[in-house]
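Annotated Mg(2+) binding site per Swiss-Prot: ASP86, ASP88, ASP90, in sequence order, evidence recorded as sequence analysis. According to Swiss-Prot, the Zn(2+) binding site annotation covers CYS87, CYS103, CYS110, on the basis of sequence analysis.
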Amino acid sequence: MKNTSALAETAALWAAVRFTADGLVPVIAQQHDSGEVLMMAWMNREALEETLVTGKACYWSRSRGRLWRKGESSGQTQKVLALRLDCDGDTILLLVDQTGVACHTGRRSCFFNEVGPTGEITVVSAPLVTPEALYGAEGHSHP
């Protein structure tokens with residue numbers, strides 16, 4: 001999904017996206033060919049613009065207060081093949097080609113905790129790689 005900066009400046013897009021009072025919009029990343037839901041993150045206008053221009057997922061890290069270019073420290077990138085808005089314009093769906101794992105815990109998906117009928121939580125997927133292997137000896141805090 002490589003786009004020109006002209007697309008990022010499209011008035012229709014900015015009118016359609018409903019950012020929160022904090023200037024953010026929730027984003028779901030989904031593997032384009034399998035339908036697997038990989039993660040949920042946030043974008044601000046700058047992150048959305050960068051994603052559109054580069055074709056690579058860029059999010060807003062609320063904990064760090066800065067842009068988070070997916071894979072910049074781990075190499076686990078997301079190539080954006082399509083971007084969709086929901087019917088209200090308040091959630092974005094990215095159809096991506098995920099390189100490696102999406103979760104900072106080393107799992108393919110961030111959705112690895114399954115909640116049972118009585119509220120018990122079962123971990124349904126093991127890490128494919130350690131956070132230390134992804135981010136170095138210091139590990140990684142949640143984006």
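The first residue you see is number 1, and the count goes up from there.
Using the three backbone atoms N, Cα and C, a Cβ is placed for every residue, glycine included.
Across the structure, ASP88 (Mg(2+) binding site) and CYS110 (Zn(2+) binding site) place their CA atoms 25 angstrom apart.
Around the Cβ of CYS110 (Zn(2+) binding site), a 10 Å sphere holds 18 further Cβ atoms from the protein chains shown. Summary: among the binding-site residues (ASP86, ASP88, ASP90), the fewest other C-beta atoms within 10 A of the C-beta are counted at ASP88. Taking the centre of the Cβ atoms of ASP86, ASP88, ASP90 as the Mg(2+) site, the nearby residues of that chain (Cβ within 8 Å, site residues left out) are ARG18, LEU85, CYS87, GLY89, THR91. When each of the binding-site residues CYS87, CYS103 is scored by how many other Cβ atoms sit within 10 Å of its Cβ, CYS87 comes out lowest. Here the C-alpha separation of CYS110 (Zn(2+) binding site) and ASP90 (Mg(2+) binding site) works out to 21 Å.
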